[in-house]
Structures are given as structure tokens and as C-alpha cells.
Amino acid sequence: MFPSYTAASDFQALLRQAFLDWKSAPTPRAPSPLVVSFTPTPTYTLGRRQKSLTPEQLGRLRSPLDVDVDLEPAGERATDNNGRAGPQTQRQFIPEVIETDRGGLTTYHGPGQVVLWPILDLHSTYYPHLTVRSYARLLEETTQAVLADGPSIQTYLSEEDPGVWAEAARRRAGGQERKIAAMGVHLRRHISGLGTALNVDVAVDGDEALNPWARFVPCGLEGKTATSVRAETGEEAWRRWELAGDGRARRDWYARRWTEELARRLGIPTAPATIHYRLG
């Protein structure tokens, strides 16, 4: 149902290698920028500079996690006669815990989230050169623009803490900041890896059996936590969102819109079709 984070990472590495090979032996036509989007099986990822977790911490992360998943296969309608989001079922997963080459500390990826990994050359001839800082800001501002579309969600950025933060959550929670999209970047010879993870309808409240964020301090940011599009719009508005389809259809919509917005900001055309690969 969901690819493993490791399978997606291996796929990304293959695509990045094509860019690196071109840099070693350039031809007249450089590789075109790509975006890999996916929703992985529940996974906790650790940053490269993070200290090893204790057995107690590992056991906590690997405890069974109950996750709501959509019943229908991709492409089928999952709405009632009033266009409301269709049925889900609950499945239990044992989350994976893996080390990655990104910075930062522990974070979570899983069902209800859209992971978006652009693969592009920061020094490409297709658009003005990007610095590490301007590229990171590009990812954040692309995410902000897409969240302002659809069910409009106002967000803000922080100079201290990367990612995109929900404005209403800060006011509603009495000052507690809630991140709606995480951002992490890895570069090799100016070729990008990793990217953005947008929380669409992942659980962000409840106890540790249901809420994956309750098991750790997200990205090591004490006093801050996660939120999602669903949590920010409210349950009734989420269910009546005019976009037909289940949670999967909405996640697909965000993936497509995010890719279009990134291309628009880079000043390049988007591909006429989406290519689907089975990972893992």
C-alpha cells in the first residue's frame, strides 16, 4: 500500500546519479528538473549528526502505531452522495527507524503526508543559479503558496527553525507553534536531494498509539509540535472540501499543485503527465 522510505530514497539516488553523470561528461542537453512525490509507510528518520537513540527511545518509536488509511485503490472515488470524503479503515504498523544524510534531528514520515523531493541542479542553465539559502527558501515559499490555495491556510516562516508554520495554530494553541511542513536539503555537487514533507491528513493529536508526533520532540524543538491541513481546516470543512475524492485524492492534488508552483517560480514548464513508479 505504501512504499518504504528506503525504497524511495534509493529511487531518488538513481535519479540524482543521472544528474551527477551529466556533470562528469556534459552533453548539449542537461537533465530536466524532476520532483519525486510519495507517501511512505510509517518511518522515523534521524539526522546525520544526531546521537544514537537509547534502547528506550527506539522501543518507543517502534511501538505499534494505529493509522487511518483510505479503503479504495488509487483512482476510484471515495465520497458519499454529498461529495464528502469516503471511508477509511485503521491499520496497525510497526514504524521503521532509519538514519539519513539530512541535518536536524528526529522527524516522522508516513500515511497522510506528501513527501516532495525535487531533483535539480542549483547551477542549471534553465534558471538563475540558486544558493543553498535561496533554494531552501524557494521550497518553503512554494509550500506557503500552495497552502494558501485550496482551503486557504495562512502560514509563516521562521529564521531560526526551517519549515512552514501554521499561523492560526499559533493563535489557537495559546502561543504554541505548529509546523505543517518540514524541510530538509542535501546537496552533492549542487544536485539537490530530499525536500519538503507536507502534513495533509496525518494524525497530529491524541496519544502515542495514534499520534506519531507524541513519541518524540519533532526536530528537537521543545514546546513546538506538528499540525496538518485537516487539523487547520477543521473536520467539517475538510469533509466538504469541493475537491472530490478521498484523502489520497487530496494528497495527489497537493503534490501536483506543489510541482506546478515550483516550476512556475523557477520559470520552467511542467511535464504534460505524471509518471507513476511502484517502489519497493
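Cβ atoms are placed via backbone N, Cα and C, with glycine included.
These figures come from a predicted structure and were not determined experimentally.
The domain 'BPL/LPL catalytic' annotation in TrEMBL covers 29-270.
Taken from TrEMBL, the feature substrate binding site covers ARG102, GLY103, GLY104, LEU105, THR106, THR107, TYR108, HIS109, ALA182, MET183, GLY184, GLY195, THR196, ALA197. When other Cβ atoms within 10 Å of the Cβ of ARG102 (substrate binding site) are tallied across all protein chains shown, the result is 21. DSSP classifies ARG102 (substrate binding site) as coil under the three-state reduction.
There are 27 other Cβ atoms within 10 Å of the Cβ belonging to LYS179 (site 'Lowers pKa of active site Cys'). Following the DSSP three-state reduction, the secondary structure of LYS179 (site 'Lowers pKa of active site Cys') is strand. The feature site 'Lowers pKa of active site Cys' is assigned by TrEMBL to LYS179.
As annotated by TrEMBL, active site, acyl-thioester intermediate applies to CYS219.
Around TYR108 (substrate binding site), taking its Cβ as the centre, 24 other Cβ atoms fall within 10 Å, counting all chains. For the substrate site, whose annotated binding residues are ARG102, GLY103, GLY104, LEU105, THR106, THR107, TYR108, HIS109, ALA182, MET183, GLY184, GLY195, THR196, ALA197, the maximal Cα to Cα separation is 15 Å.
Cα-Cα distance from LYS179 (site 'Lowers pKa of active site Cys') to THR196 (substrate binding site): 12 Å (rounded to the nearest whole number).
Just so you know, the Cβ of GLY184 (substrate binding site) picks up 23 other Cβ atoms within 10 Å once every protein chain is counted.
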